[in-house]
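Some features that Swiss-Prot has for this protein:
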type	residues	note
MOD_RES	Lys4	N6,N6,N6-trimethyllysine
BINDING	Asn113, Thr163, Lys167, Arg285, His317, Ser369	substrate binding site
ACT_SITE	Lys165	active site, proton acceptor
MOD_RES	Lys191	N6-carboxylysine
ACT_SITE	His284	active site, proton acceptor
Amino acid sequence: VGFKAGVKDYKLTYYTPDYETKDTDILAAFRVTPQPGVPPEEAGAAVAAESSTGTWTTVWTDGLTSLDRYKGRCYDIEPVAGEENQYIAYVAYPLDLFEEGSVTNMFTSIVGNVFGFKALRALRLEDLRIPPAYSKTFQGPPHGIQVERDKLNKYGRPLLGCTIKPKLGLSAKNYGRAVYECLRGGLDFTKDDENVNSQPFMRWRDRFLFCAEALYKAQAETGEIKGHYLNATAGTCEEMIKRAVFARELGVPIVMHDYLTGGFTANTSLAHYCRDNGLLLHIHRAMHAVIDRQKNHGIHFRVLAKALRMSGGDHIHSGTVVGKLEGERDITLGFVDLLRDDFIEKDRSRGIYFTQDWVSLPGVLPVASGGIHVWHMPALTEIFGDDSVLQFGGGTLGHPWGNAPGAVANRVALEACVQARNEGRDLAREGNEIIREASKWSPELAAACEVWKEIKFEFQAMDTL
C-alpha cells in the first residue's frame, strides 16, 4: 500500500468508542469546549492525537512505527450537564508514551501542546488515572503521614502551623524571634512564606541559623518536637539542594519547596534528597490558581495534587473550605482523600472521574491555611480530621497580646475540639459552644474569640461541578 499524503480527520484514527481500556493505560478526563462547528468527536480525537502521536497531517514516517500501539485514544465523550457545548472527553494513553519516574515528561505529553489548539475554544484537564505500573516508578513523598507522626511524636490530632508575617521585610533575627514566640506558645510548626527565598533584607543562611536557634530553644522549653519550614526554593537546583544540605546540617526536621514555580524536576530531586537524609518536605502551591482557577480551561487542582504525590512532598496546601481562599467542600475533600488514602473510588459528585489505586505510595498531609482563626477550629477539625496541618498566619500573629498568646489560643482551641470530638460531641452543631467553654479557662483564647468574632470571608464558590 502506497503512502497516502494529505490531511484527514483526527476522528478516523483517534476516536475509538469501542476501545477497552487497559490496566496499564494512563486515563485522562478533559473538559472540552470545541469551536463552533467542530463536532465533539473530532475535538476529543484532536486532543488524543495532539497529546500523543498525531500531528496535523499524515506523515511518511507513520509507516515506520505502529500507531495502534502508541496512539492516545478518545474512547468516550459525554456532554456536561447544564453547560452548552461542553463535553468530557476520556482519553487513554499507552504506558510506553511516558518516561518512568518523570512527572515533567507526563505533563509535557498530556498537557504540553494541546491547550493552544485552534479547534478548541477551551480545554481543561479534570482528572488523571495513574496506573500502579506507572506510579510504582516514582519514589513519591519522602516519608508520608505515619513516618512523620513517628518522627514528631505527635498523634491523634491535627498539627498546628503558622506562617510568619509580615512575609517580607523582617530581619533574620526578628524573624527568628517571631518563630520562637509561636513555637513556645504551643504550635508544632512555623513556616517561611512562599516568597521568602534569599532577599537583600534577609539572606537564607542567616534566616536558617536564627530559625534553628528558635526551634531548639522552644523545644527545650516545651519538651515537644518543633519544626520550621525552611524554604529551600532557589533560582537553580544546585542552590536549592545546597540550602537543603545546610538545613540538614543544622539538624532541623523539615524544609519547604514551591513546587509549581520551582518546577517538577527540581521538586522530585529535592524529594529524593529529603528521603535520603531524613528531612520532611513541606510543599507550597504558589501559582496554582493561574493553572486551576478557570472552570473551563487549565488543569484542575486534583491533578496537580496527584502529580505532587508522585513527585514527592509530605505536606501540601489544599484550600480551607472555610477561610479566605477558594475551596468547595466536596471537591476539596475529594482531592484531600486523593492525597491521603491508598485507594479512592470513582465518585463524580466529588469530582473524582476515575478510581485511583496508589498501591503503597506514602500519603501527603493536606494543609489548610488562609484566613482561618479560632472560630473556624471546630469546622476544620471536623472537615479535615486528624491527618492534616492547620495553619493560622494572621490567626496567630494577629492576637492582641502577641504571638505566643496567639499560639496558646490556637492550641487550646484545637485540644478542646479534639477532646469534644473524642467524647462524641457534634462539632458542626456545637462548635461555637465548645470554643466558648474552652475560653473560660484560657484568657488567651477568650481574647482571640473577641477579636475575630465577626470576621467572615463569604463569596460564591467558583468551583462547582
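These residue numbers are counts, starting from 1, taken along the chain as shown.
Here the Cβ of each residue, glycine as well, is placed from N, Cα and C on the backbone.
DSSP assigns Asn113 (substrate binding site) to coil, not to a helix or a strand.
Within 10 Å of the C-beta of Lys165 (active site, proton acceptor) we count 15 further C-beta atoms, all protein chains included. Ranked by how many other Cβ atoms sit within 10 Å of their Cβ, the binding-site residues Asn113, Thr163 place Asn113 at the bottom. In this structure, the CA atom of Lys165 (active site, proton acceptor) is 17 Å away from the CA atom of His317 (substrate binding site). For His284 (active site, proton acceptor) paired with Lys167 (substrate binding site), the C-alpha to C-alpha distance reads 14 Å. His284 (active site, proton acceptor) falls within a strand segment according to DSSP.
Fewest other C-beta atoms within 10 angstroms, among the recorded positions Lys4, Lys167, Lys191, His284, Arg285, are seen around Lys4. Using CA atoms as reference points, the binding-site residues Asn113, Thr163, Lys167, His317, Ser369 were checked against Lys191 (N6-carboxylysine), and the closest is Thr163. Around His317 (substrate binding site), a 10 Å sphere centred on its CB holds 22 further CB atoms from the protein chains shown.
Counting only the Cα atoms, the space from His317 (substrate binding site) to Lys4 (N6,N6,N6-trimethyllysine) is about 52 angstrom.
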